[in-house]
Amino acid sequence: MTDKIKVGLIFGGNSSEYEVSIMSAHNIYEEIDTNKFDVYPMWITNDGYLANDADSRKVLDNPKMEVANPHKVANISNIVELKDRPEIDVFFPIVHGNLGEDGCLQGLFRVLDKPFVGDDVLAAAVTMDKEMTKILAQRAGVPVAKWIAVKRFEYNDPDNNKLDYEYVASQLGSDLFVKPSNQGSSVGVSHVTNEKEYKVALAEAFKYDDKVLVEETVHGTEVETAVLGNDKPIVAGVGQIINAKDSFYTYENKYDDNSTSTLEIPAKLPEGIVEKVRKNALKVFQATECSGLARIDSMLRTEDKEVVLTEVNALPGFTNISMYPKLFEEVGIPYTDLITKLIDYAMERYDHKKTLLHKHD
């Protein structure tokens with residue numbers, strides 16, 4: 001009898017998307033194929049504490065519970081909470097946002113010489129930064145919304161013209177979105193149409209990041225697709241997000257029970273548009289050197305039916321309402337099989353990396 005693969009399921013973290021991470025981890029924990037895998041949950045609290053095995057399992061059933069006798073992850077001598085886990089064969093990180101999907105955690109796995117689900121270090125860092133994603137997408141021939149990046153030193157300079165709404169509006173139009181460059185789940189995002197709103201939006205976005213993007217508003221419908229694989233990735237169908245009039249897909253609309261947004265899977269769109277969304281997604285996935293998985297978000301612009309890239313989510317949610325697993329379920333890959341494939345792709349990439357030379361003989 002073959003031994004089961006030991007999976008380290010890492011979730012939580014010091015992130016604005018902490019609750020989403022716990023919901024995702026709960027679903028993975030419940031749906032993973034227990035005939036193939038033994039799961040060892042590793043909970044990092046929102047304060048950055050590492051929980052033991054027993055508490056990590058409890059929080060998956062009760063997300064509001066607080067860890068007993070916590071140990072700060074930052075203090076290496078206190079990572080004793082890992083002693084009650086066996087040697088892990090593969091890590092499945094589902095830590096959203098900063099430190100979880102920006103290359104930091106992925107770098108740790110590389111140092112530990114362990115396979116892990118999702119992007120490698122470079123792709124994780126690139127796709128977390130919305131501006132870098134835009135630059136690479138443009139080079140790949142994928143349309144993106146016009147933007148201006150405002151960095152912290154510019155924000156601290158009262159004479160910088162990027163702080164002047166009239167100047168920015170002359171470049172991008174008067175209808176704008178302001179967002180942190182390195183955040184997800186619409187955290188810190190504001191829609192602005194005047195000077196007062198612009199100043200408030202900048203202040204809000206700079207709470208979350210040291211670089212903020214100001215983008216033209218692309219009027220249309222939000223469309224998403226999902227990509228799975230390494231060198232020969234497959235692209236799922238397309239889903240559409242139907243928002244209430246004058247609203248957009250906010251954090252609350254994504255996860256609140258009273259959401260005013262609905263998901264349409266598959267999207268009721270002409271086949272030509274569906275294929276364009278899928279082709280653009282593949283281009284972006286490859287241009288950013290993603291591997292394993294990614295959800296590619298775009299806007300279908302009303303005026304000309306152009307598909308305009310919004311962002312790449314290289315560690316998408318796995319909650320009950322998350323688009324990524326739903327899109328693959330719609331094309332015949334159920335949740336449990338999807339988890340298995342993601343772990344298989346992680347092992348495949350790791351095995352390939354081991355064949356590369358790292359020193360000159």
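Each Cβ is built from the backbone N, Cα and C atoms, and glycine gets one as well.
Annotation comment: Swiss-Prot describes 134-344 as domain 'ATP-grasp', evidence class sequence analysis. Swiss-Prot lists 169-224 with the feature ATP binding site. Taken from Swiss-Prot, the feature Mg(2+) 1 binding site applies to Asp297, Glu311, supported by sequence analysis. Here Swiss-Prot flags Glu311, Asn313 as Mg(2+) 2 binding site.
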Check the Cα-Cα distances from Glu197 (ATP binding site) to the binding-site residues Asp297, Glu311, Asn313 and tell me which is shortest. Glu311
How long is the line from the C-alpha of Ala169 (ATP binding site) to the C-alpha of Glu311 (Mg(2+) 1 binding site), rounded to the nearest angstrom? 22
I'd like to know which of these binding-site residues, Ala169, Leu176, Val218, is least surrounded, judged by other CB atoms within 10 A. Ala169
Need one number: mean pLDDT over the domain 'ATP-grasp' (134-344). 92
Just name the winner among Glu197, Glu204, Asp297 (the binding-site residues) by count of other CB atoms within 10 A of its CB. Asp297
Using the alpha carbons only, what distance in Å do you get between Lys211 (ATP binding site) and Glu311 (Mg(2+) 1 binding site) once rounded? 16
Indicate the candidate from Gln183, Ser190, Asn313 with the smallest number of other Cβ atoms within 10 Å of its Cβ, considering only these binding-site residues. Ser190
